[in-house]
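Asks: After the structure tokens below, expect a handful of questions from me.
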Amino acid sequence: MRVGIGYDVHRLVEGRKLIVGGVEIPHEKGLLGHSDADVLLHAIKDALLGAVALGDIGKHFPDTDEKYKGESSLYLLNEVGRMLAEKAYVANNIDATIIAQEPKMAPYIELMRRNIAEVLGIKVEQVNIKATTTEGIGFVGRGEGIAAQAIVSVGQSLG
């Protein structure tokens, strides 16, 4: 078994959709980034890549490459899953935390879990997502951005 951790943060801006965990969430602001800026999936992808010593998402999906501009992070998560499979690894467990003052994430967490599990070909029970605030402290507390962190375990695939 191997373990990886990931962290990501993006600024909230007007004129962008808010996509977290592959779910479009109604909000007056969205996350700024080269792809769809899905902070949760970025943290999970970094954790998965780290667990198998493949670097990070910046190495594989650089923000200087136009082919990733506006790209769905679910698609990129699928690519990371493919990279794991090529090394004969599969995700055993994902535990992630979204850190956002607003909007509330609770209504969307189950759909996020299903999205992630489906893309990686694992059971929903292997994916846990939590959400918390910073009690009004810092850039997240002021509503300037959203952060996410993830820890994953991966094991050798049997097939």
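The backbone N, Cα and C atoms fix where each Cβ goes, and this holds for glycine too.
Keep in mind that this is a model prediction, so the values were computed, not measured.
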Asks: Name the residue, out of HIS42, HIS60, that Swiss-Prot lists for the same divalent metal cation site as ASP8, HIS10, please.
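Replies: Between HIS42, HIS60, Swiss-Prot records just one in the divalent metal cation site with ASP8, HIS10, namely HIS42.
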Asks: Which residue, of the binding-site residues ASP8, ASP65, has its CB surrounded by the fewest other CB atoms within 10 A?
Replies: ASP65
Asks: Determine which residues of the same chain, besides ASP8, HIS10, HIS42, have their CB within 8 A of the center of the CB atoms at the recorded divalent metal cation site, and list them by sequence.
Replies: VAL9, LEU31, GLY33, ALA37, ASP38, VAL39, LEU40, LEU41, ALA43, ALA147, ALA148
Asks: Just to verify a number: CA distance, HIS42 (divalent metal cation binding site) to THR133 (site 'Transition state stabilizer'), in angstrom, no decimals.
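Replies: Counting only the Cα atoms, the answer is 19 Å.
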Asks: Identify which of the binding-site residues PHE61, PHE139 has its Cβ surrounded by the largest number of other Cβ atoms within 10 Å, counting every protein chain shown.
Replies: PHE61
Asks: In terms of DSSP three-state secondary structure, what is the assignment for PHE139 (4-CDP-2-C-methyl-D-erythritol 2-phosphate binding site)?
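Replies: Where PHE139 (4-CDP-2-C-methyl-D-erythritol 2-phosphate binding site) sits, the three-state DSSP reduction gives helix.
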Asks: Taking only same-chain residues 6+ apart in sequence, whose CB is under 8 Å from that of THR133 (site 'Transition state stabilizer'), what do you get?
Replies: ILE99, ALA100, GLN101, VAL140, GLY141
